[in-house]
Structures are given as structure tokens and as C-alpha cells.
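See structure below.
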Amino acid sequence: MAAKDVIFGGEARARMVEGVNILANAVKVTLGPKGRNVVLERSFGAPTVTKDGVSVAKEIELKDKLQNMGAQMVKEVASKTSDNAGDGTTTATVLAQAIVREGMKYVAAGMNPMDLKRGIDKAVHALVAELKKASKATTTSKEIAQVGSISANSDESIGTIIANAMDKVGKEGVITVEDGKSLDNELDVVEGMQFDRGYLSPYFINNPEKQAALLDNPFVLLFDKKISNIRDLLPTLEQVAKAGRPLLIIAEEVDGEALATLVVNTIRGILKVVAVKAPGFGDRRKAMLEDIAILTGGKVIAEEVGLTLEKVTLADLGQAKRVEVGKENTTIIDGAGAAGDIEARVKQIRIQIEEATSDYDREKLQERVAKLAGGVALIKVGAATEVEMKEKKARVEDALHATRAAVEEGIVAGGGVALLRAKQAAGEIKGDNADQDAGIKLVLKAIEAPLREIVYNAGGEASVVVNAVLAGSGNYGFNAANDTYGDMIEMGILDPTKVTRTALQNAASVASLMLTTECMVAEAPKDEAAGGGMPGGMGGMGGMGGMDM
């Protein structure tokens, strides 16, 4: 086992604070409407330009082991805030640095770190309660657009496109962000259920302009196995042909004789039919087939439930108003499923979302809910270069998370004002002793830090602005974008309550851990000198005389 350095007390904390400052100073230049960019080196390709606090934090690894421990702990603040609220990472980092800085002064003065921590917790608890009281529900599309704009660094076009997407697919709908092809941002909305499987043969295309197969008022056959033998399908095809309607077949696979026969019948115009593969894999495929069955009012033909292809009747088939099948996607519009059944299915999936342990599973389940409930909106981000595209896409994703947080817990005045008003509303918070009072006092001072940093990045005098804002009341604050004072909500400078709350709680949590640290253990630096040079020569091999050949 490698040798370790063990450092105690003030020296350990001082080195940790150095690491905190290096990381926080790099992150906080991005805060506010006049915050600057940070350029991140990439091992290959163009560098990444970002104004996203958590992206900057994740890149930082320090050479000094003890400084690095401090930096990594603050990195945890940023990434936790990003995971929980989706935004507010820079605010959280600034708050953590401010609490650590203030707190270290008290620890150095001989105060009890555990009592300081209890004081910090009391102050945070009181401030969070006030933030929740001040929170206002987001009701209008305009407010959602404003939240998105602020989160995307005052880019109104991003806020507007997110608000439009939420209008179209509802607040629960899935909104995905993709690279666009043009210079402008575009919004595509897919109504109904879309899944990423296209036609199995281009001969099914009946609309050459769209390069797609369009079926009006079709039956939908759902089968969870492979179809290779046309004999299995014949009874179903005959019933559908008699009804004079088209047929969409969704199965694990359709190939061989079965696919060839379907193609021939389509070309000859005997039957309008399209075959596609079922979406997903394994258990997820079964679940998605069941979703489609409920949406279209049909059944999944599976041997497990005693149904076989030969015995299928029209009552077992699903129905839809319209189906569009492209090369890569299939969209089912206006399925004939009962609204009550769809609602029950959505409820069931929501319970699974709450129980899901991995982010990937949760995301896939949320997609299924959206496909059943409303639809999917696609925001295509436009930019001139790839570097700009990456930066803009990250901002759109941040703004999307922020608007979701605003819908969830409401909004408060932005620009660091909500924290100052919470401090005023909380009144006098009392600790059990002088050291706890000091912990409370340091939090109440530290929460000025986000506003101070916004003003500093805008080139203003922080103390003057903070005093002016404290002298006001309600939503009165400072708009750093144009150096004016006024009502923050009216000016459209809003923060989601969840983002502000999470930033404060996470910052205080990690800062408290640092203040109560008394010892640090790190791997000792390797002694470079010890490995230098080759060992001395091999000292002559003596005479080898007498060895007559």
C-alpha cells in the first residue's frame, strides 16, 4: 500500500479552501447576464465553449491532492444541484464558497465547528421555509418563457421555443433537444405515438413525395414473435380484406415467405398492408407493444395469454385514425383505445417511474408516458459552427430543466433577490449558543454572494447594489442586463423555487462538512529522486585466464 500524508487542523483546512477557491473562481465568471465564457480543452477536436457551471466544474482536477479534495467536494455541490434541479449550478458553487470562506474565519477564531454547523442548518431551514412561502405558481406560457430565457443566459428565443413546446405537448410531455440543420432553432411536434422503427420493405411506400406509407383508418395487428410463414397470417388477411381497410403489422420480425407475399399483394393492390418491427428489446419491447395495444384498443397476440395468429378475429386488432410509416419512424395518430384504459396505463407507468433506480430507466418510462398521454416535441438547435452548436445545445437543455423545475415548485424573483428577501422575512433566527448564532450569521451574510457576483461580472459596485436592493422590498431588485432597478417579476427575471432552494441546501451541506474537517489523508507524493539513475557498474568480472579453449 502506498504511503499516505496525514495533515491536521488549520493547515488541512487552508489547503482545502485553496482548492475550493480555484474551482469556484473558474465557475463563477459564468454567473449572470453579463457572465463570461470558459473554454475547455478537448483531447481531440475543437475546444468546448461553455457558460454552464457544472460543465466547468466537471473539467477541473488539481495536481495538489489536498487542494483537489476541496475542489472535488464543491464539484459535488454543482453536480448534485444539476441532478436535482437541472440548473443553478453556478449559484450553488458561489454559495458554497461564500459559506466556507466565512465559516473558516470563525473556526480559526476558535469557535466550535459542530455548533457552527448546527447554526448553518437552522438558518438554511428558516430560509427554505421563506422561499417556499414566497413561491408563486407558474400559470402562463409567458412566465415559462421568461424562466427559460434567464436560464439560457438571457436568450429570449430559447425561452420562447421551450414555452411553445410545452404548450403543444403539455407540461408532462417529452421535449427532446437535437442538432438542427439550419442557423435558426426549430420546433417539431409529433402528435400521437411515434416509435423508432420504419417499414421492412420500401415496396410498402404509397406516397413517393414523403417517401412514406400512409394508412387511413387501419387495423393494427400486434404480435410478439417472428412471422415467417404466410399460412399463419392468412385468416387475418382475409378478414381485413373483406372489411376493405388497410392493415399495419407490428411484430418482432416479418421475413421470408411472409414478407414476400405481403409485398406482392401490396404491389398488385389486392391489400394495403405495411409491416414494421416492434420497438425496443426484451421486456421493454413487451411493455411497448402493450402500450400500443391500449392506445389502439387491441390486444397483443401472445401465446402466454392463449392467443395465436390463426385464431385472430377483427375484435383482437387495434384501430387508429391514421398511421404514417417512414424509413426510420412509425407514427400512430388518434388510436381507438378507451380514454379510461389509457389513463390507467399512464398511472401504472408513473408508479414505475417513482420506483425506478436508474436515470436511464426513468427516462425511458417518462418517454412512454408522454407517447401515451400527449406527444413528443423536438427542439432542433441551429448554429453556424459545431462549437457554437454544442454551447447552445447545453444552454437549451439547462433552460428545459429550469422550466420543468418552475412548473414543479413555482417561481421566485431572480437575480439573487429571493435569497435576500427570505433573509429579511425570516427575521431574527436564534441559536442555542453564541457559536450557533455565528453559524446563522455567516449563512445570512453568504447569501448575498450570488447578487454580488452578478453585479461584479456586470462591472458594477457590488456593495452599493446589495444595499440598494436590501433597502427595497418585495420583488425589487437589480437587472444587471441593463443596469436598472425595478420589480424583477415584471422585468421577467425569474428563478424556479426548486433551483434556488436546492442550490442553498446543497451548498450548505457540503460547506458544513468542510468546516467540521479536522484531518485529511492523501497519498504522499512519490519521491522522484529515489528512482533516478541506473545502479553502479557491474564492477569488472576479474581475469578469466586459464580457460584454455
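Cβ coordinates are placed from backbone N, Cα and C, and glycine is handled just like the others.
What Swiss-Prot lists as ATP binding site is 30-33, Lys51, 87-91, Gly415, 479-481, Asp495, and the listing cites sequence analysis.
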Under 8 Å by Cβ from Asp495 (ATP binding site), counting only residues of that chain that are 6 or more apart: Gly88, Val147, Ile150, Ile411, Val412, Ala413, Gly414, Gly415, Ala418
Collapsed DSSP category at Asp495 (ATP binding site): strand
DSSP-derived structure type at Lys51 (ATP binding site), helix or strand or else coil: coil
Under 8 Å by Cβ from Gly32 (ATP binding site), same chain, sequence gap 6 or more: Gly415, Glu453, Ile454, Val455, Asn457, Ala458, Ala480
Neighbourhood of Lys51 (ATP binding site) by C-beta distance under 8 A, where only residues 6 or more apart in the same chain count: Thr30, Gly35, Arg36, Asn37, Val38, Asn153, Glu391, Arg395
Listed binding-site residues (Thr30, Thr90), ranked by Cβ neighbours within 10 Å, top entry: Thr90
Entry from the binding-site residues list Gly88, Gly415 having the most other CB atoms no farther than 10 A: Gly88
